[in-house]
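One structure below.
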């Protein structure tokens, strides 16, 4: 059994070698010749999986180590009798922590408290729900917009997108990309929406580039609209609008979900799905794969305020470390993908062990996802 895996999927070689012969290949472009005798293909979001790639090939199963699936023609795979699995929620925590890192940086730079801001969350799936929970743990007001869930009658106080635009100081997008249909998200943030945002609002896109109309956004910024922008995703990736990058406050190369934990979850989820598909079901404990974190433990004295939270968050991950490298190489062919391929190891907040002498601080840090314990001062 021959299994092709994206060379940038951590732990893929070791895990899938339990099931067959493994060959690691580039994800963009996939070397087509390798598909001629392969039984399974494991990809990431950079690989377009459709009939033109797999038609006439012996592939029996495709796995994508990503939460999103808009790069996969699922209808064609089903018609062709090819098994398929994604990894829903695998990088949700990573994206939430990316958003927090960005907001805490902007709050420090611009001198505001997040408690004084209302956050509108567009898309309340794996990422949006976790983001809501962590924001509300901090006492920050959230407004939710998710028309598919609202129409299904899912639990939640869902508002219209117009309401979020009217009332939110921060608008963050966490939707799939739907190019048509009743829940179309292509250019959901169009010129009209962008112009309607509150003065001084913060716009964040960490889902799919085309959810925000990049041309319209650049037009508004060039005209001097007072708006802070965080973009991790771009229309036309791996190409991006260099002029837009110059205008945004934070720009990164589609790495919001790139924690070691998130990548490992993605790999293990598709590994488990494929093992079940071939009748040799196996399960993997994530903590058996992950290395020891960089920081063993730290001690926190007193209550948890915003500056302290910012220091803890940025100790684990400071978004500026990914903004600067992109600005240096933007516009140079191939460099966007190179930044992603050679991405520095990044951990999640759970990797940081925090000893608190304040019980409320320990409790709150645990709710936020840190590995925190309370040890009273003596």
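Backbone N, Cα and C define each Cβ position, glycine as well.
Going through 45, 85, 101, 228 against Swiss-Prot, the one listed in the substrate site together with 66, 258 turns out to be 45. Within 257, 262, 266, the residue that Swiss-Prot lists together with 146, 175, 232 for binding NAD(+) is 257. Its Cβ placed at the centre, residue 45 (substrate binding site) has 23 other Cβ atoms within 10 Å. What surrounds the substrate site, by Cβ distance within 8 Å of the Cβ centroid and not counting 45, 66, 258, is the set 44, 46, 65, 67, 68, 91, 254, 257, 266 from the same chain. Using Cα positions, the member of the recorded positions 146, 175, 232, 237 nearest to residue 258 (substrate binding site) is identified as 232.
All protein chains considered, the CB of residue 232 (NAD(+) binding site) has 26 other CB atoms within 10 Å. Maximum C-alpha to C-alpha distance over the listed substrate-binding residues 45, 66, 258 is 12 Å.
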